[in-house]
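Going by Swiss-Prot, these are the annotated features:
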ACT_SITE  E246  active site
ACT_SITE  C280  active site, nucleophile
BINDING   A146, P147, W148, K172, P173, S174, E175, D209, S225, I226, A227, T228, C280  NAD(+) binding site
Amino acid sequence: MQHKLLINGELVSGEGEKQPVYNPATGDVLLEIAEASAEQVNAAVRAADAAFAEWGQTTPKARAECLLKLADVIEENGQVFAELESRNCGKPLHSAFNDEIPAIVDVFRFFAGAARCLNGLAAGEYLEGHTSMIRRDPLGVVASIAPWNYPLMMAAWKLAPALAAGNCVVLKPSEITPLTALKLAELAKDIFPAGVINVLFGRGKTVGDPLTGHPKVRMVSLTGSIATGEHIISHTAPSIKRTHMELGGKAPVIVFDDADIEAVVEGVRTFGYYNAGQDCTAACRIYAQKGIYDTLVEKLGAAVATLKSGSPDDESTELGPLSSLAHLERVSKAVEEAKATGHIKVITGGEKRKGNGYYYAPTLLAGALQDDAIVQKEVFGPVVSVTLFDNEEQVVNWANDSQYGLASSVWTKDVGRAHRVSARLQYGCTWVNTHFMLVSEMPHGGQKLSGYGKDMSLYGLEDYTVVRHVMVKH
């Protein structure tokens, strides 16, 4: 397994403290990797800053060609990446290979094309004798912090737009799941000029802080928790860096009486528990109208009970383990607190799986109330709650009564209601009669404490640029 850092076009061993990397399906240590030292963090940023002098002036075509080459090598090594992601994250191998790798390849290919479509406003004379033009230029060095739930996917979401816009990047994957990012570094070093992409390994305190606080870093992009986002925003405030934050979610799933219940059950069974529920957009907070509530709880409970947890190598496995022992304990604690309320009923699941690995049973909780912690706080595991509501006004207010604002869905056959409710929901994305669908052409990002800035789409590309005005006297 590739375990070296990429700094200035060279693969080098870390000079800091060694950290274990686990296989969450067994609890075994896969290997130990040395963190980047403070000197190596500085070297990576300095290399990126030096490379920016030329990379920032390359043509969109040249950048697109590099991104397309990277997409090709990821596709060619898809099985290798899927196996690494499966071993390090516990994802079912078939899901990593069939679902994630094609989407990752598409992200790089999309931004290769988008790089050639980005432009400013046409020139014009807004002052007599002067011509103005608007430029969209790269910022410089971008520090990208990727999470542990989709390590390679999130690396792609961050690298592709930043590079397409002409920036240079220092990427720090989560210390829990670094293996695919390190493999990506190995393949990228022969495609991009030295220093354009740098990949480090280490914890937030030892590597993340010196990276995001470095005076040569002009932008920090984070996908992570609210707490981490708060820390980085305050940590970078003295140097007035641009920040791009995707900080989690608690997606409301609004099911009206007229919804297609079979579609709802199938959708939540899939999209509430995909990746063991470790997804910011997971369909985890159901609001069911009183006329459909009982039937939905019964049918969904039966469907969730059929979800198969097991070895990531088994083709029939639908749910792998959680990412770490610490996270398993957090999920378990959240469910135990829900049980302790007395009014929340466990329909299925509600316990850790026996045996090796960090497995938690797919869980459905009914009878949750709006103010319950299980409704208000992100669990980030295979846990879905169901809350009864009376009418449209009530459920819209409840759905918006959340610190999160990333994703939501509305299930109804009434087209007017679908438009009306979608317009009022305070979420970056609202799906109607589906959930979880993402495409490279459409923006992904939140409101409120879910953060700001967009991933994917041309809006995502624009986030990695600075708008500049050039005026020429004639």
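Glycine is no exception: its Cβ is also placed from the backbone N, Cα and C atoms.
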Rounded inter-Cα distance in Å - W148 (NAD(+) binding site), the residue listed as 'active site, nucleophile': 12
Sparsest Cβ surroundings (other CB atoms within 10 Å) among the recorded positions A146, W148, S225, A227, C280: A227
Largest separation between Cα atoms (Å) of residues that the record links to NAD(+), namely A146, P147, W148, K172, P173, S174, E175, D209, S225, I226, A227, T228, C280: 24
The residue listed as 'active site': tally of other CB atoms within 10 A of its CB: 26
Cα distance (Å, whole number) from S225 (NAD(+) binding site) to the residue listed as 'active site': 8
Cβ neighbours of E175 (NAD(+) binding site) where a neighbour is any other Cβ within 10 Å: 19
Pairwise CA distance, A146 (NAD(+) binding site) versus the residue listed as 'active site, nucleophile', rounded so that it is a whole Å: 13
Cα distance (Å, whole number) from the residue listed as 'active site, nucleophile' to P173 (NAD(+) binding site): 17
Neighbour count (Cβ, 10 Å) for P173 (NAD(+) binding site): 28
Pairwise CA distance, S225 (NAD(+) binding site) versus the residue listed as 'active site, nucleophile', rounded so that it is a whole Å: 10
